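First comes the structure, then the notes that go with it.
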Amino acid sequence: MDKNEIENIGDNHLSTNVQTPLRPDAFEKSDEEKIQNIQQYFSKIMEELGLDLNDDSLSGTPYRFAKMYVKELFYGLNPDKKPKLSVFENKYGYKKMLVEQNITIDSSCEHHFLPITGEANIAYVPKEKVIGLSKINRLVDYYSHRPQVQERLSLQILKDLQYALETEDVIVVISAKHLCVSSRGIKDKNSFTTTIEYGGCFEEEKYRNEFFKILGQ
Ligand SMILES: [Zn+2]
(Lines of atoms letter the chains of each structure in order from A; the text may use other names.)
(Lines give C-alpha, C1' and ligand atoms only; values in the text may rest on other atoms or scores of the structure.)
Protein backbone atom coordinates (compact mmCIF):
# COMPACT_ATOMS: atom_id res chain seq x y z
CA MET A 1 0.00 0.00 0.00
CA ASP A 2 1.26 3.50 -0.75
CA LYS A 3 1.19 6.25 1.86
CA ASN A 4 -2.02 7.85 0.51
CA GLU A 5 -3.92 4.57 0.67
CA ILE A 6 -2.68 4.03 4.21
CA GLU A 7 -3.92 7.47 5.31
CA ASN A 8 -7.31 6.94 3.60
CA ILE A 9 -8.00 3.65 5.33
CA GLY A 10 -7.32 5.27 8.71
CA ASP A 11 -9.70 8.13 8.05
CA ASN A 12 -12.46 5.97 6.59
CA HIS A 13 -12.54 3.41 9.38
CA LEU A 14 -12.20 0.62 6.86
CA SER A 15 -12.23 -2.83 8.36
CA THR A 16 -11.96 -5.91 6.24
CA ASN A 17 -13.79 -8.55 8.26
CA VAL A 18 -15.92 -9.12 11.35
CA GLN A 19 -13.03 -11.24 12.67
CA THR A 20 -10.02 -9.37 14.00
CA PRO A 21 -7.23 -10.13 11.51
CA LEU A 22 -4.85 -12.29 13.54
CA ARG A 23 -1.77 -14.16 12.43
CA PRO A 24 -1.93 -17.98 12.66
CA ASP A 25 1.02 -17.89 15.07
CA ALA A 26 -0.48 -15.10 17.21
CA PHE A 27 -0.20 -16.96 20.52
CA GLU A 28 2.83 -19.15 20.04
CA LYS A 29 4.93 -16.82 22.17
CA SER A 30 4.18 -16.35 25.86
CA ASP A 31 3.07 -12.98 27.19
CA GLU A 32 6.46 -12.64 28.87
CA GLU A 33 8.33 -13.14 25.58
CA LYS A 34 6.07 -10.59 23.89
CA ILE A 35 6.66 -8.05 26.66
CA GLN A 36 10.41 -8.52 26.37
CA ASN A 37 10.36 -8.03 22.57
CA ILE A 38 7.98 -5.07 22.57
CA GLN A 39 10.09 -3.44 25.28
CA GLN A 40 13.09 -3.56 22.95
CA TYR A 41 11.16 -2.30 19.93
CA PHE A 42 9.65 0.57 21.88
CA SER A 43 13.08 1.59 23.24
CA LYS A 44 14.12 1.94 19.60
CA ILE A 45 11.11 4.14 18.82
CA MET A 46 11.87 6.37 21.79
CA GLU A 47 15.54 6.59 20.84
CA GLU A 48 14.58 7.40 17.26
CA LEU A 49 12.48 10.26 18.58
CA GLY A 50 15.62 11.52 20.28
CA LEU A 51 14.75 10.66 23.87
CA ASP A 52 17.44 9.81 26.40
CA LEU A 53 16.56 6.47 27.97
CA ASN A 54 19.18 6.95 30.67
CA ASP A 55 16.92 9.54 32.26
CA ASP A 56 15.32 8.13 35.42
CA SER A 57 11.85 9.19 34.34
CA LEU A 58 12.11 7.50 30.93
CA SER A 59 14.18 4.41 31.60
CA GLY A 60 11.22 2.28 32.72
CA THR A 61 8.88 3.46 30.00
CA PRO A 62 9.61 0.74 27.41
CA TYR A 63 8.80 -1.96 29.96
CA ARG A 64 5.67 -0.16 31.20
CA PHE A 65 4.56 0.35 27.61
CA ALA A 66 5.11 -3.31 26.66
CA LYS A 67 3.32 -4.63 29.74
CA MET A 68 0.42 -2.25 29.15
CA TYR A 69 0.01 -3.41 25.54
CA VAL A 70 0.16 -7.14 26.26
CA LYS A 71 -1.57 -7.38 29.64
CA GLU A 72 -3.88 -4.39 29.81
CA LEU A 73 -4.92 -2.70 26.56
CA PHE A 74 -4.85 -5.74 24.28
CA TYR A 75 -5.47 -8.73 26.52
CA GLY A 76 -8.68 -9.29 24.55
CA LEU A 77 -6.76 -10.47 21.49
CA ASN A 78 -6.25 -13.80 23.18
CA PRO A 79 -9.27 -16.13 22.85
CA ASP A 80 -8.23 -17.81 26.12
CA LYS A 81 -9.24 -14.59 27.88
CA LYS A 82 -12.74 -14.63 26.48
CA PRO A 83 -15.38 -14.75 29.24
CA LYS A 84 -17.50 -17.88 29.39
CA LEU A 85 -20.96 -16.82 28.28
CA SER A 86 -22.85 -19.18 30.53
CA VAL A 87 -26.59 -19.03 29.89
CA PHE A 88 -29.49 -20.38 31.90
CA GLU A 89 -32.89 -21.76 31.05
CA ASN A 90 -35.45 -18.96 30.96
CA LYS A 91 -37.41 -20.67 33.75
CA TYR A 92 -39.41 -17.62 34.79
CA GLY A 93 -40.60 -17.18 31.22
CA TYR A 94 -39.43 -13.56 30.91
CA LYS A 95 -40.27 -12.69 27.30
CA LYS A 96 -39.90 -8.92 27.12
CA MET A 97 -36.91 -6.74 26.50
CA LEU A 98 -33.92 -6.70 28.83
CA VAL A 99 -31.69 -3.63 28.55
CA GLU A 100 -28.15 -3.32 29.88
CA GLN A 101 -27.15 0.38 29.85
CA ASN A 102 -24.03 2.53 30.19
CA ILE A 103 -21.52 -0.27 29.69
CA THR A 104 -18.03 1.22 29.60
CA ILE A 105 -16.16 1.15 26.31
CA ASP A 106 -12.39 1.41 26.75
CA SER A 107 -10.89 0.46 23.44
CA SER A 108 -8.22 1.48 20.96
CA CYS A 109 -8.47 2.29 17.29
CA GLU A 110 -6.52 -0.13 15.14
CA HIS A 111 -5.52 2.55 12.64
CA HIS A 112 -3.74 4.84 15.09
CA PHE A 113 -3.57 2.85 18.35
CA LEU A 114 -5.25 5.72 20.17
CA PRO A 115 -8.09 5.40 22.72
CA ILE A 116 -11.76 4.95 21.86
CA THR A 117 -13.90 5.72 24.92
CA GLY A 118 -17.63 5.70 25.35
CA GLU A 119 -20.49 3.48 26.26
CA ALA A 120 -22.50 0.59 24.93
CA ASN A 121 -26.21 -0.03 25.40
CA ILE A 122 -27.41 -3.53 24.68
CA ALA A 123 -30.78 -5.23 24.75
CA TYR A 124 -32.18 -8.65 23.98
CA VAL A 125 -35.53 -10.37 24.05
CA PRO A 126 -35.02 -13.82 25.57
CA LYS A 127 -36.34 -17.02 24.05
CA GLU A 128 -35.27 -20.23 25.85
CA LYS A 129 -32.06 -18.81 27.33
CA VAL A 130 -31.09 -15.92 29.60
CA ILE A 131 -27.59 -14.71 30.46
CA GLY A 132 -25.99 -13.44 33.68
CA LEU A 133 -26.06 -9.66 33.40
CA SER A 134 -22.38 -9.05 34.14
CA LYS A 135 -21.49 -11.44 31.30
CA ILE A 136 -22.69 -8.82 28.84
CA ASN A 137 -20.35 -6.25 30.39
CA ARG A 138 -17.49 -8.75 30.40
CA LEU A 139 -18.01 -9.56 26.74
CA VAL A 140 -17.92 -5.84 25.86
CA ASP A 141 -14.75 -5.45 27.93
CA TYR A 142 -13.10 -8.41 26.21
CA TYR A 143 -13.76 -7.29 22.62
CA SER A 144 -12.88 -3.68 23.50
CA HIS A 145 -9.43 -4.70 24.66
CA ARG A 146 -7.96 -5.29 21.24
CA PRO A 147 -7.11 -2.90 18.42
CA GLN A 148 -10.57 -2.15 17.06
CA VAL A 149 -12.81 -0.48 14.54
CA GLN A 150 -16.07 0.59 16.21
CA GLU A 151 -18.23 -1.05 13.54
CA ARG A 152 -16.47 -4.38 14.02
CA LEU A 153 -16.61 -4.12 17.80
CA SER A 154 -20.42 -3.75 17.61
CA LEU A 155 -20.75 -6.76 15.33
CA GLN A 156 -18.49 -9.00 17.37
CA ILE A 157 -20.52 -8.32 20.50
CA LEU A 158 -23.83 -8.75 18.66
CA LYS A 159 -22.90 -12.06 17.02
CA ASP A 160 -21.57 -13.63 20.21
CA LEU A 161 -24.68 -12.66 22.16
CA GLN A 162 -26.97 -13.95 19.41
CA TYR A 163 -25.07 -17.23 19.41
CA ALA A 164 -25.03 -17.67 23.20
CA LEU A 165 -28.66 -16.64 23.67
CA GLU A 166 -29.85 -18.71 20.68
CA THR A 167 -31.85 -15.80 19.30
CA GLU A 168 -31.38 -13.08 16.69
CA ASP A 169 -33.30 -10.63 18.90
CA VAL A 170 -30.33 -8.56 20.08
CA ILE A 171 -29.39 -4.89 19.59
CA VAL A 172 -26.01 -3.27 20.27
CA VAL A 173 -25.55 0.51 20.25
CA ILE A 174 -22.15 2.05 20.88
CA SER A 175 -21.41 5.76 21.19
CA ALA A 176 -17.76 6.63 21.52
CA LYS A 177 -15.18 9.33 21.14
CA HIS A 178 -12.11 8.55 19.10
CA LEU A 179 -8.91 10.25 20.17
CA CYS A 180 -7.62 9.92 16.61
CA VAL A 181 -10.41 12.30 15.58
CA SER A 182 -10.18 14.67 18.56
CA SER A 183 -6.41 14.94 19.02
CA ARG A 184 -5.01 14.61 15.54
CA GLY A 185 -6.29 14.91 11.97
CA ILE A 186 -9.43 17.06 12.04
CA LYS A 187 -8.99 17.66 15.83
CA ASP A 188 -12.71 17.83 16.52
CA LYS A 189 -13.08 17.78 20.29
CA ASN A 190 -16.84 17.32 20.52
CA SER A 191 -17.91 14.84 17.87
CA PHE A 192 -18.59 11.24 18.71
CA THR A 193 -19.55 8.18 16.71
CA THR A 194 -22.61 5.99 17.15
CA THR A 195 -23.01 2.53 15.66
CA ILE A 196 -26.22 0.51 15.77
CA GLU A 197 -26.31 -3.17 14.94
CA TYR A 198 -29.30 -5.47 15.47
CA GLY A 199 -31.19 -8.50 14.26
CA GLY A 200 -34.44 -10.40 14.69
CA CYS A 201 -37.33 -8.46 16.25
CA PHE A 202 -35.23 -5.28 16.32
CA GLU A 203 -35.63 -5.10 12.54
CA GLU A 204 -39.11 -3.86 13.49
CA GLU A 205 -39.28 -0.18 14.28
CA LYS A 206 -41.52 -0.60 17.33
CA TYR A 207 -38.89 -2.70 19.12
CA ARG A 208 -36.14 -0.23 18.31
CA ASN A 209 -38.38 2.63 19.44
CA GLU A 210 -39.07 0.92 22.77
CA PHE A 211 -35.34 0.38 23.25
CA PHE A 212 -34.44 3.99 22.46
CA LYS A 213 -37.25 5.23 24.68
CA ILE A 214 -35.75 3.34 27.62
CA LEU A 215 -32.31 4.80 26.82
CA GLY A 216 -33.80 8.27 26.74
CA GLN A 217 -35.31 8.02 30.23
ZN1 LIG B 1 -7.98 5.96 14.39
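Heads up, the Cβ atoms here are built off N, Cα and C, so glycines get one too.
Per TrEMBL, these features apply:
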BINDING   Cys109, His112, Cys180  Zn(2+) binding site
DOMAIN    39-214  domain 'GTP cyclohydrolase I'
For the Zn(2+) site built from Cys109, His112, Cys180, further residues of that chain with CB within 8 A of the site's CB center: Gly10, Ser108, Glu110, His111, Phe113, Leu114, Ile116, His178, Leu179, Val181, Arg184
Predicted model, mean pLDDT over the domain 'GTP cyclohydrolase I' (39-214): 97
Long-range Cβ environment of His112 (Zn(2+) binding site), under 8 Å and at least 6 residues apart: Gly10, Leu179, Cys180, Arg184
Residues near Cys109 (Zn(2+) binding site) in space but at least six apart in sequence (CB under 8 A): Pro115, Ile116, Pro147, Gln148, Val149, His178, Leu179, Cys180
Other CB atoms within 10 A, centred on Cys180 (Zn(2+) binding site): 20
